[in-house]
């Protein structure tokens, strides 16, 4: 992400979480995520690592502000069927060490009931700190881009695409795992795209995972 996007209005997306990850190899990686309750952040399973620190209330991730809340992750709940080869079931919940303080710049993003299935043609927005062009590195400031939900055949050239589990969108680029918003509700999580950032791209379909999400939240 976020190719062809524009900078978000600072703090207009108070649910956004910036993830700093120490990988199993000991290197740093970065992802986006979003706060779904005071204690939990949702992101992609491909963002898992040895240790994760979440920053809430951020716009430019290199310019510290008084709005920031930095909280360590105490537990990573990777979907039990996540497959790093097919990139199916690319969803993870992060339990925070302490509850986030809800403020004007830190808030939660509602998840819809499970029955919600959005039709192709709908315009949505992807939000995150991803790449702004193929040649650029990640963006320091939060970006967003409008994307159209495509008919499933547009993603059939991805061998592991499954319409029930995933959404086929116009393109975003890698490095993100932020939310896909349709009518201000989280419908997807950025999962993968072509290496050259040509459309389309694949998002995890949140509605399919509601039973698992509800179970994790209830038990923890």
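In case you wondered, yes, glycine gets a Cβ from its N, Cα and C as well.
Swiss-Prot lists 46 (among others) with the feature active site, charge relay system, giving similarity to another entry as the kind of evidence. Classification of residue 46 (active site, charge relay system) by DSSP places it within a helix.
Summarising the annotation, Swiss-Prot assigns active site, charge relay system to 90 (among others) and lists similarity to another entry as the type of evidence. Listed in sequence order, 44, 45, 46, 79, 82, 189, 191, 192, 204 are the same-chain residues at least 6 apart in sequence whose CB falls under 8 Å from the CB of residue 90 (active site, charge relay system).
Taking the Cβ of residue 177 (active site, charge relay system) as reference, residues of its chain lying under 8 Å away and at least six apart in sequence are, in sequence order, 19, 31, 32, 33, 43, 44, 46, 47, 128, 189, 190, 191. Residues annotated as active site, charge relay system in Swiss-Prot, with similarity to another entry given as evidence: 177 (among others).
Counted within 10 Å of its Cβ, the other Cβ atoms near residue 47 (disulfide bond) come to 24, all protein chains included. Among the features that Swiss-Prot reports, disulfide bond is placed at 31-47 (among others), with the record citing similarity to another entry.
As annotated by Swiss-Prot, disulfide bond applies to 124-182 (among others). DSSP gives residue 182 (disulfide bond) a strand state.
The disulfide bond annotation in Swiss-Prot covers 155-168 (among others). Sequence-distant contacts of residue 155 (disulfide bond), defined by Cβ-Cβ distance under 8 angstroms and a gap of at least six in the same chain, are 161, 163, 166, 168, 200, 202.
According to Swiss-Prot, the domain 'Peptidase S1' annotation covers 2-218.
All chains included, 11 other C-beta atoms sit within 10 angstroms of the C-beta of residue 101 (N-linked glycosylation site). Per Swiss-Prot, the feature N-linked glycosylation site maps to 101.
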Of 31, 124, 182, the disulfide-bonded residues given in the record, which has the fewest other CB atoms within 10 A of its CB?
182
When the pLDDT values for the domain 'Peptidase S1' (2-218) are averaged, what is the result?
89
About how far apart, in whole Å, are the alpha carbons (Cα) of residue 124 (disulfide bond) and residue 101 (N-linked glycosylation site)?
28
Around the C-beta of residue 46 (active site, charge relay system), how many further C-beta atoms are within 10 angstroms, looking at every protein chain?
21
